[in-house]
Each structure stands twice: as C-alpha cells, then as structure tokens.
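Colleague: Handing you a structure now.
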C-alpha cells in the first residue's frame, strides 16, 4: 500500500512513516499561544509611521486576515482526505490546530491595530475588494478546487493533480505568499518597528516552515513510492505555477510599496520572490528557474539563532512536553 | 587625545564617506556598500554585510558615528552638558561642575575612541543612552560626550573624571545600565537591582509592596521579591471566616502592575518572584509561566525562582518525603537557614503541621519540567546563599532571596529593601599578547570600586526602605564580562584545566583589589555603618569559608585581613557577576562569564535585530583561506557550529565549541571554583539543547553539590525551527547539528 492509495488506514503499529509521527511530536513541543505575544508595544510605532508605511501595514494585515483560513480549508478538503496514513493525518490535525492559532493571532492583530470597527470589516472584505489580495486568493481557490469532486486518487492523473495541489500550497502559498509577507514584517523589524508583530511572526514563521517541510517530505515519500509520477511535465507544471505565484505576489508588492520605501521596493521584493521560488524548486529536486540572489540582508538574520536580552523580550525558543523522570546520575 | 575645538569637517558626499569609513580596513570594499540617501542608511547597509565579513561592523560603526556628529552639529562637551541642563535633563551639581572645568574637561574628549565600537555597540548607545532633546528627539551629545558625562556625574575633580572616562572610553570598564542612563541626570537613580522581602501576610502589607515595586520599577531597577510569607490556598482568613485563595491571584496583580510600569520609556519593567519550596502553593507557582491551562492562573511577565533549602535537596537525593506548609501556620521557616531551619522544619513536620506531603522527587521533577518548558523557575540555594554571606553574622539578618538576575545576595527585612550598584570589567581589554595583565586588571578594579562606592551617595532612591538599607550596608557588585574573549585570545578551551585556573585567578585578583580598595575607602571615610554586624568585623573574609580554595596569593590575603581588622570595610559586599547583556554589547565582548552561544547569532533587542559573528573564528578561518561562502553557509546551516567544518584543525574546533556543545559540568566547575572570591553570586546560565527531566535533575543536583549559591536561566532550543531562507538548500548532505544528533559524531 502506498501513501496515496485510497482508503482509511488505521494502523499505527507497525508504523509506515515514523518521520511523520516525529514531526507531529516535534510540533507539539513548540506549542505557543496568542496570549504570549505582546502586540501592545506596536501601537506607539503605528502612530509614527509615514502614510506610505501605514498603507503597507494595513494591506499586510488585510492579507493576513484571511490567509491562514484558506490554507486550513485546503488542508481539510484535500490533504486530509487523500493522505492515507494515520500518522500523516496526526500531523495534519496538528497543523490544522496551528492554522487556527494563526487565524486567532491575526485576528488579535487586526483588532489591536485597527480600533475602528468599520476598518476591521473592510480588512476582511479585502479578499473581495482589493485587487492585489483578491488575485492571490483566487489563485488559492482555483487550486483548492483543482481536485474537483475527486473522492479517491485512482489514476495516475488523479495523483498528479493531488501532487500539484500539495506542492501549490507548500511552495506557492505557505512557501511564497507567506514568505513574502514575512519579509515585510522583518523589514519593518530591521528598522526598529512593530517588534510585537515580528515576535508573533517568529512563531508563525516557525510553524509555516514545518508545514512546508512536512509537505515536501510527503512529496519525497510519494516520489520514492511512485517515481513514475515525476517527470518533465510535472516539473513544467510546477514551474509554471510558481511563475504565476511570483507574478501575483509581485502585483501585491507593487500595491504595498508604491514608488518604494527606504530599504524596500517592489523591485527588490521581485528579486527576493524569484530567489525563494528557486529555493522551492531546488527542494523539489527541480532545476532553478530564475538564478536570483537574496537581496534582503535582514532575512539573513532569520537564519541564525536568537540570543534575546531577557529583560526586553520573550524568547521564542522554549519547548513544551519534556520527557523523563528524576534521576541523579545521568550524563549532562 | 584631540582637543575639541575644530568644528566637524563639512559633510562629504555619501560615497566619499563610505570610502573614508573603509580606510585602513583591507577586507572592506566600499563598492559593496550600496548607494544610500544619508549616513544612517549607509551605516545600515554596511551593517547588513556583517555576515559576509565582520569588518563591515567597523565600517558601519564609523558611518554611524559620522551620522551622530552630523545630528548634534559642532558642539563641545561643555556645550552639550549646558544644553542638556537647560532642557532639565541634568542635575545642577553636574552642570556646575562641568561649567566650572569646561576647558579641562573638553580637552579630555577623544572622539577617535569611537573607533573601538562595533556597530551594534554604537547603535545601542545611540538608540538608548545618548541624551535627546525632549521635543525634537535629536541627540544632544556624541558617544564620547556621553561617557564623559557619566564620569562627571560621579567625579569630584577633573582628574577623577579623566580616570573613570579613560576606563570607559577604552571600554575596559562600564558601569551598569542605570548608571549609564542616569549619572548626572536630574533624578540619578543609579542602582541596578532591588530586593524586597516578602510582604507580611496581610492585605495592607501586600498592597504596600505593589506600590514599592512600582516606584522602584519606574526608575529602571530590576526587582526581586519574595512571596514566601503569604498564606497558602485554603488557609483560614480570621477577619471574614473565609478561605484564602493562595498566592496566585496576588502574583497576577503583581504581574499586571510590573507590565504597566514602563521603565522611563526605555524598557518594560521586570521582576522575579522567589518562593521557598515548602510553601503549600509551590506547585501552582511552578505553573505560572505555562502557556497552557487557565489563563487566569498564569503570569506572563513575571520571572520565577525557587529558593531552595539544603534539606529539600537532601531529601531528593535520598528519595524521601517532603512536607508543604502554610506560612500562616508555620511562619518561622522564612527567617531560618542552615541547621536551625532543618531543626524547625523537622519539628513542624513531626508535629503534623503540614498542609500535605509528597515525594520530594515529584516536586523536584516539576521544578525541572518548568525549567525545560519556560527557562524559568531558577534554582537558587538558600543555605549556600546565607552561609558565607558577610551580612549574616548575626541572627535575624537573613538573605531571603536573590534579585532579578540571581547574582545579588543581600539581607532584607520588612523595612529594608536591599539595593545593589553594579559595574563590570571588560576582561577582553586586559589581555596582553600571552596572558592577562594582572596589574592593569587590579588598577581597573580599584577605580571601579571607588566609583561604585560613589554611586551609593550620588544615587537617588525611589523608596526610603531602599535608601536606608543602602546607607547602612553600602554593598556594591563588581563583575566581569568578556571571559570567553580571554579564552579565545589565549586559545584555551572552556573546559580545559588551564581555563579553570585562569578564570579562578581572575576572580581572586579582582576580589583582592576590590577588598583592598574598600579598606582604603574605609580608612579615609570610616567603615559602613553596620560593619560591626558583619563577618568581616569578626575577622572572617569570604574566601575563608573555603579552606581548600588554595589562593594564588595567600600572603596577600593574610595582610589584607589584618588591615581590614584595623580599618574595616567601606562596603559590606563587593563582588557579583551580573549578566551584562547590554553593556557587553556596548563593549563588544561576550557576556559576563558565559561561553559563546553560537559562532553566528542574532541579537534581538528593543532597537532591532543584529547579526553577530565570532570575530576570533573569522580571523582563524581567514588565515587558513577558509572564510568562503561555502564554509559560511555550512556554519549557518549548522546553527553556528563549526564541528562540521572538517578543514578546521581539531584544536580550533574544540576552541570554538558553542555553549550547546560544551559539557555543562565545565560551566558549573568554573563557577564553583570562583565562588570563594564572589561574595555575592553569579548569573550562571546553563544550556541544554534537548532537555529531559533525567538530565536536568542530575545537572542541578550537581550544581547544588558543587556549592553554587544560585543558577540563572536554563536555555534550551526550539523543538522545530524556521526553514532557513538564505542558505542554499542542501538536504542530501548531513551536517553536524544538534538537531540531528544521531547523525553527528563530532558533538557527542
């Protein structure tokens, strides 16, 4: 039996994919709650933003308002339905919880940043009214619907359609749309702005990274089980899909940045997105499409471990769920 | 030194400024610093190149220094002080002193000393320490003006100011942040930490404590407060015939109060609550920082510490039962330590006065769980803290808690709030070619003690309880930073016997100089008022409690003891090793006594995120032609570890191990060996990437057996991590990483 074979496998012993189970457990150890994030300190920063910066932040908040809900929908409608291993579904259940926490985080963010009730309503309506956000949402919806009413992945074509959906949400949505949005947050952070948003984003970013890694690990598994699904045509489709995502995210960047802000422009963001897209292709074992270099030095910072000054901010590095019992002679 | 008469040269075009900032730095290429609209942006651009070469930190710092000079305009030191005084930012004494010696003080200013700053250090100074105009928010002083102003706030003469300024501008010594913030200020609150005794077990006393905490917090002091006297949940309230809700609701109020008080707009208030583990609410206390469970029983801002008596640890070792008491029923335990505590505890237990009992190991396991999950719930040891404390010679004088950073140990009582003024010697600035310059180290320590003592009299105290205690005991805490720099410079692995010997000798030399200077001050001004109540007055100095310590200078200690017998001491306590998070950034060295956490790490502070690279490692890699993009990526991918860089010789790989890769036993052994010379305590962080209850319980039991007085955070790593965005993904190659210990042999 392979991972994409239809059915409702219930067997955990012997376990076919212990890697998925390990990811599930690691995710639990990284539980965080919205109450731990201090967004209030951002209010003083908001008051001193320029109109251009404020526009960017408002658009960003509007995107975040609905982004994770869309991902959660695809998870339930497509991924959970077709990944037929209980350990994989354990991970997906956990991911669904994390998406819910993200939704709560961004709702709290919106309620904190936008004191006006009507503005809050407008932020949620952005997915219909603001073209740069609507286009990204439509891209997502199209891929959610791409499997149609498919209840079981019987044919090679079904499975390839599923793979494209999985890759789309990992590489284009979590791995590109969200990564683009995070870059704006860290750009603001590098200028000493909105550290509350950045500290929450650290946690969201960590979760999203794991979601993406899980999806890619599913791809690796399917590739090992059914190598014939992977051919030039699939690579071409993935590249085309990424090109479309880069274009949508670039339009969003033009909307956010206008004529450019200090240290941030649509042009730089375009380079960054192409760089990220190449990274996704490389992870999928596909040739790079753009050959772009990372233009954002502040993103380098996200790759190295943090050493927080404990007086000043809560570190995001602690784990929950520790194991073992008291003993006095273990090596340490 | 350059006389400060010339106006700054007319600003050059930015590109020319960048050229200039790269001058004399062969590895810095001005063309790599992109176009910028102004100097500040050019500085940021240069700083973003630090990951490719740490030399750009110097380039960025030079650009930032130019940018600051542009912001202040041409101004001399005396003019900057006069302007700040006119805006009400400085006190009259300092302003008058500077005005009266303007020429002499102006001549001291050495702007070239700015070149010693790293970008992060100067950025920190600029963002947070330089005085700003209240309305325009433009800085009123340049970095060297700031350091000289701090010196003038404490000096009585130009030569005194020159002495302290000289140490600071060489980054050889820095006072703690409150002194840097407030020296010479209109309200000169110069103390770092305050220790409040537990409120008495009554409503009015509890609310009085909230008020005291708020007033102390407002002036940027870190708070330690005990809660061990307050009755536990279910205890009878006679006045109303109701039952008490225990300590958690009170601590929630404290939590909210601490968060509400913003320290002078500079950083959030911070406090640590201490509780003795016999308190019947201890298990709920340990859950206060959990991020699961009922939020109404959580405190997200408070730090937590366990104030652990030896009796508890002995019962853990013997796997015996432990009794929990309501302090309302058994009030005597709080004020006892050592054998008297043991006797009273066992008597109360035998009389059945406990609320309930549980296996000691179950509670100990819960403490370890809290440490692993939150880093909080610090293990501090009540009996070790009291046994050798100079202030506890007489019964009734008891150390009830430590402070926010677990390095201060001073007696408290209901009417006495302990205070400590801190400063730290940058050890990195005292290394010569092949060793530590002991004479220079002692000179620095003596100057430091003289000015720390001065802060006691110049400081403003937010509460009478603090003023009173500090006047009586006059404690100071001289510490160190940059120990890891010393080891890197001298090529001593952290866990080598040579490192242990050197670190211990550093502590001894500093203690000798500090005690000597305090005796000199006592000879001139008299001993501190409560000197007669100290162990020193009884002929016992702190190291005497460790007969096996084997000091390097036994005859000097004997002579010093005799002299102190004649003149006394001006300060009841002298040495404490604080965490130095911020001032080590300013000085550009590793923090206090800590090993490096990573060869490449990100520092998050209120002013943004900054990348730091181990410059010693980079120099070694460059020498071998290994500072290449491939090696850089490999180090980043391995989270700052070099164990996978095979081209690097074994001895260097051993030298550049990170805190996660060092045996923690070595950290504890180093701390234990210097304990005889640390009359207060040390902020000792411990590191464990993937903690388990078993490993933690063994480690903390070892720390207790080694005689440590306190420990600080347990640092662990996230269970999952952010996908790296800026290193090329290379999933095939297995790199040494603590995330996949099974595949890595180098770190085992």
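Heads up, the Cβ atoms here are built off N, Cα and C, so glycines get one too.
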Colleague: Name the residue, out of A:138, A:174, A:249, that TrEMBL lists for the same Fe cation 2 site as A:99, A:208, A:211, please.
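Modeller: Only hit among A:138, A:174, A:249 in TrEMBL's Fe cation 2 site, alongside A:99, A:208, A:211: A:174.
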Colleague: Quick check: of A:68, A:118, A:135, which does TrEMBL put in the same Fe cation 1 site as A:99, A:102?
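Modeller: Candidate listed by TrEMBL for the same site: A:68.
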Colleague: I need the CA-to-CA distance for residue A:208 (Fe cation 2 binding site) versus residue A:99 (Fe cation 1 binding site), whole Å please.
Modeller: 9
Colleague: Could you list the residues of the same chain, at least six apart in sequence, whose Cβ is under 8 A from the Cβ of residue A:106 (active site)?
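Modeller: Those within reach of residue A:106 (active site), by Cβ under 8 Å and sequence separation of 6 or more, are A:61, A:64, A:65, A:67, A:68.
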Colleague: Other than A:99, A:174, A:208, A:211, which residues of the same chain sit close to Fe cation 2? List them in sequence order, counting a residue when its Cβ is within 8 Å of the Cβ centroid of the site.
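Modeller: Apart from the listed residues, the neighbours are A:68, A:71, A:95, A:98, A:102, A:178, A:207, A:210, A:212.
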Colleague: Are there residues at least 6 beyond the ends of the transmembrane segment (A:161-187) whose Cβ is under 8 Å from a Cβ of it, and what are they?
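Modeller: Sequence-remote neighbours of the transmembrane segment (A:161-187) are 4, 56, 60, 63-64, 67, 70-71, 74-75, 78-79, 82, 136, 139-140, 143-144, 146-147, 150, 153, 194, 197-198, 201, 204-205, 208, 211-212, 215-216, 218-219, 222, 229, 234, 237-238, 241-242, 244-246, 248-249, 252-253, 256, 263-264, 269, 272-273, 276-277, 280-281, 283-284, 296, 298-299, 301-302.
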Colleague: Taking the Cβ of residue A:174 (Fe cation 2 binding site) as the centre, how many other Cβ atoms fall within a 10 Å radius?
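Modeller: There are 23 of them.
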Colleague: Count the Cβ atoms, other than its own, that fall within 10 Å of the Cβ of residue A:211 (Fe cation 2 binding site), considering every protein chain shown.
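Modeller: Residue A:211 (Fe cation 2 binding site) is surrounded by 26 other Cβ atoms within 10 Å.
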Colleague: Other than A:68, A:99, A:102, which residues of the same chain sit close to Fe cation 1? List them in sequence order, counting a residue when its Cβ is within 8 Å of the Cβ centroid of the site.
Modeller: A:67, A:69, A:71, A:72, A:98, A:100, A:101, A:103, A:105, A:106, A:204, A:207
Colleague: Using a 10 Å cut-off, grab the number of neighbouring Cβ atoms around the Cβ of residue A:102 (Fe cation 1 binding site), all chains included.
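Modeller: Its Cβ shell of radius 10 Å holds 23 other Cβ atoms.
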Colleague: What are the sequence-distant neighbours of residue A:99 (Fe cation 1 binding site), meaning same chain, six or more residues apart, C-beta distance under 8 angstroms?
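Modeller: Listed in sequence order: A:68, A:69, A:71, A:72, A:75.
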